[in-house]
Amino acid sequence: MARTKQTACKSTGRKAPRKQLATKAAHKSAPAMGGVKKPHCYRPGTVALHEIHRYQKSTELLICKLPFQRLVREIAQDFKTDLRFQSSAVMALQEASEAYLVGLFEDTNLCAIHAKRVSIMPKDIQLTRRIRGERA
């Protein structure tokens, strides 16, 4: 093969643009053709914080009424059969029990934070109840 003379070409001082691969070109043009949009994903913990703020603002009951009512009737049957409850009595029980549970979880969270953790554990609830004097 005969040698050919190379001619110098003018340099612009930057790299020549690369040619796109066929897969990249197809990938970039796919959403424009009406592909399904991926749902927005929040960072871990963001949704939990939104829920915390939402439930702290609200005053509605968090436990469903009918399952709670069934639980009350089931527990009451152990003491006496054929007991009847006024709806206001069940609501008062539910308000009191939810207030107790919210307070218990607040104190339990403080115990977990004191132990340099962010997740509550059964031992935190046990410690909280022991400090409160509910369980010896």
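Glycine residues also receive a Cβ, built from the backbone N, Cα and C atoms like all the rest.
Per Swiss-Prot, compositional bias 'Polar residues' is recorded for 1-10. Positions annotated as N6-methyllysine by Swiss-Prot: LYS5. The N6,N6,N6-trimethyllysine annotation in Swiss-Prot covers LYS5 and is backed by similarity to another entry. As annotated by Swiss-Prot, phosphothreonine applies to THR12 (among others). For LYS15 (among others), the entry in Swiss-Prot reads N6-glutaryllysine, with the evidence type similarity to another entry. The N6-(2-hydroxyisobutyryl)lysine feature in Swiss-Prot is assigned to LYS19, LYS80, LYS123 (among others). Marked as N6-methylated lysine by Swiss-Prot on the basis of similarity to another entry: LYS28, LYS123 (among others). Under the heading N6-acetyllysine, Swiss-Prot lists LYS37 (among others). Among the features that Swiss-Prot reports, N6-succinyllysine is placed at LYS57 (among others), with the record citing similarity to another entry. According to Swiss-Prot, the feature N6-lactoyllysine maps to LYS57 (among others). Residues annotated as region 'Disordered' in Swiss-Prot: 1-39.
Fewest other C-beta atoms within 10 Å: among the modified residues LYS5, LYS37, LYS57, LYS80, LYS123, that description fits LYS5. Of the candidate modified residues, LYS5, LYS37, LYS57, LYS123, the one lying closest to LYS80 (N6-(2-hydroxyisobutyryl)lysine) when CA atoms are compared is LYS123.
Checked against LYS123 (N6-(2-hydroxyisobutyryl)lysine), the modified residues LYS5, LYS37, LYS57 differ in C-alpha distance, with LYS57 being the nearest.
The distance from the Cα of LYS57 (N6-succinyllysine) to the Cα of the residue listed as 'N6-methyllysine' comes to 81 Å.
Cα spacing between LYS37 (N6-acetyllysine) and LYS5 (N6-methyllysine): 54 Å, rounded to the nearest whole number.
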